Amino acid sequence: MACTDNAMRALFLLVLFCIVHGEKEESKGIDAKASGPGGSFDITKLGASGNGKTDSTKAVQEAWASACGGTGKQTILIPKGDFLVGQLNFTGPCKGDVTIQVDGNLLATTDLSQYKEHGNWIEILRVDNLVITGKGNLDGQGPAVWSKNSCTKKYDCKILPNSLVMDFVNNGEVSGVTLLNSKFFHMNMYQCKNMLIKDVTVTAPGDSPNTDGIHMGDSSGITITNTVIGVGDDCISIGPGTSKVNITGVTCGPGHGISIGSLGRYKDEKDVTDINVKDCTLKKTMFGVRIKAYEDAASVLTVSKIHYENIKMEDSANPIFIDMKYCPNKLCTANGASKVTVKDVTFKNITGTSSTPEAISLLCTAKVPCTGATMDDVNVEYSGTNNKTMAICTNAKGSTKGCLKELACF
């Protein structure tokens with residue numbers, strides 16, 4: 001009986017040893033991918049090389065697959081180094097909350113054949129509670145391909161890849177990172193809700209084509225704060241169907257200013273409403289704060305409840321500009337009145353200098369005039385000597401209080 005007990009005990013210990021040993025081996029396999037508790041995935045442990053030359057796309061995609069498939073809080077670590085990657089597709093929904101910690105630099109491949117038709121560089125789809133943070137760069141390496149941009153010459157041009165695209169992303173955050181030299185737009189949000197963009201830097205030369213800083217469309221609850229943007233197009237552009245946007249503490253320049261639009265180019269565009277821009281500075285921009293809609297627009301929509309306050313202009317051209325006959329690069333063929341209604345727009349405490357005599361231009365149409373415009377303490381003066389500060393107001397109705405007498409439209 002004792003022999004039988006000893007044999008059973010030995011067999012039990014052997015089985016226990018195998019189980020424990022197997023768990024250790026499995027743990028080793030996990031640790032090869034995870035650099036910390038709760039699922040922290042370092043791309044260098046998945047084969048990424050930070051030499052700026054080796055293609056690390058596969059490693060980054062594998063990190064995403066692991067993080068998105070894990071429960072709880074997951075982190076993808078981009079450590080210091082230069083990581084060359086092609087098109088990245090981060091698709092959800094994810095089982096847990098994912099943070100992408102960008103301490104190093106991601107470099108977009110300049111080989112356009114690696115991007116699918118209408119493809120973007122980093123495309124994030126249907127992911128909630130996503131955080132992209134860190135002090136690293138998302139470098140689109142645009143200078144290598146900007147010469148292939150035909151959008152300044154052709155109305156229906158082939159669009160180069162945008163850098164960071166977020167579609168159907170809710171309750172997300174982008175903070176701390178620098179977006180650099182995108183091939184086209186630096187950041188684009190479509191049908192996103194409750195997004196926070198803070199402490200971000202967006203940089204491209206002032207003459208780089210279509211390098212908008214941050215664009216959004218059909219989105220709501222977007223906050224952009226403490227952000228510095230200098231690009232070759234709009235610093236921030238707010239597209240159709242967007243509402244409840246708060247922009248504060250943004251410095252823009254070079255660039256085309258902070259814009260609503262363009263609007264009316266396509267059918268079935270939706271209204272834009274409840275947009276607040278406050279405590280911002282525009283430095284030597286082509287425009288300051290602007291609303292732009294295509295002449296003879298394809299959609300009937302309304303822009304309303306727009307509030308600009310405490311905006312400082314530093315030698316910006318066209319500081320306040322509403323353009324209902326927008327036609328970029330003179331490539332439009334339409335010659336009719338805009339179907340876009342602009343109403344209830346407030347400009348409060350707008351100060352500084354303009355590099356053009358026209359500090360205010362409200363260019364609305366007789367068929368659909370702009371109404372409810374309020375000019376409250378608008379004091380922007382022409383910085384040149386060959387002309388005087390002036391306002392040009394066509395088919396616009398509203399009120400003026402505390403403004404330079406030269407800027408009294410109403």
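Residue positions begin at 1 at the first shown residue.
Glycine residues also receive a Cβ, built from the backbone N, Cα and C atoms like all the rest.
Per Swiss-Prot, these features apply:
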ACT_SITE  ASP233  active site, proton donor
ACT_SITE  HIS256  active site
DISULFID  CYS235-CYS252  disulfide bond
DISULFID  CYS364-CYS370  disulfide bond
DISULFID  CYS393-CYS409  disulfide bond
CARBOHYD  ASN89  N-linked glycosylation site
CARBOHYD  ASN246  N-linked glycosylation site
CARBOHYD  ASN349  N-linked glycosylation site
CARBOHYD  ASN387  N-linked glycosylation site
REPEAT    192-218  repeat 'PbH1 1'
REPEAT    219-240  repeat 'PbH1 2'
REPEAT    242-262  repeat 'PbH1 3'
REPEAT    272-293  repeat 'PbH1 4'
REPEAT    337-364  repeat 'PbH1 5'
SIGNAL    1-22  signal peptide
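Beyond the repeat 'PbH1 2' (219-240), the same-chain residues lying 6 or more positions past its ends with a Cβ under 8 Å from any Cβ of the stretch are 186, 189-213, 246-263, 266, 269-272, 275, 282, 285, 299, 301. All protein chains included, HIS256 (active site) registers 26 other Cβ atoms within 10 Å of its own Cβ. Among the recorded positions ASN246, HIS256, ASN349, CYS409, none has a Cα sitting within 10 Å of the Cα of CYS364 (disulfide bond). Within the chain carrying the repeat 'PbH1 3' (242-262), a Cβ under 8 angstroms from the stretch's Cβ atoms is held by residues 205-206, 213, 216-236, 271-294, 303, 306, 314, 316, 318, 321, 326, 328, all 6 or more beyond its ends. Cα separation, CYS235 (disulfide bond) to HIS256 (active site), rounded: 6 Å. For the repeat 'PbH1 3' (242-262), the model gives a mean pLDDT of 99. On the backbone, the CA of ASN387 (N-linked glycosylation site) and the CA of ASN246 (N-linked glycosylation site) stand 36 Å apart.
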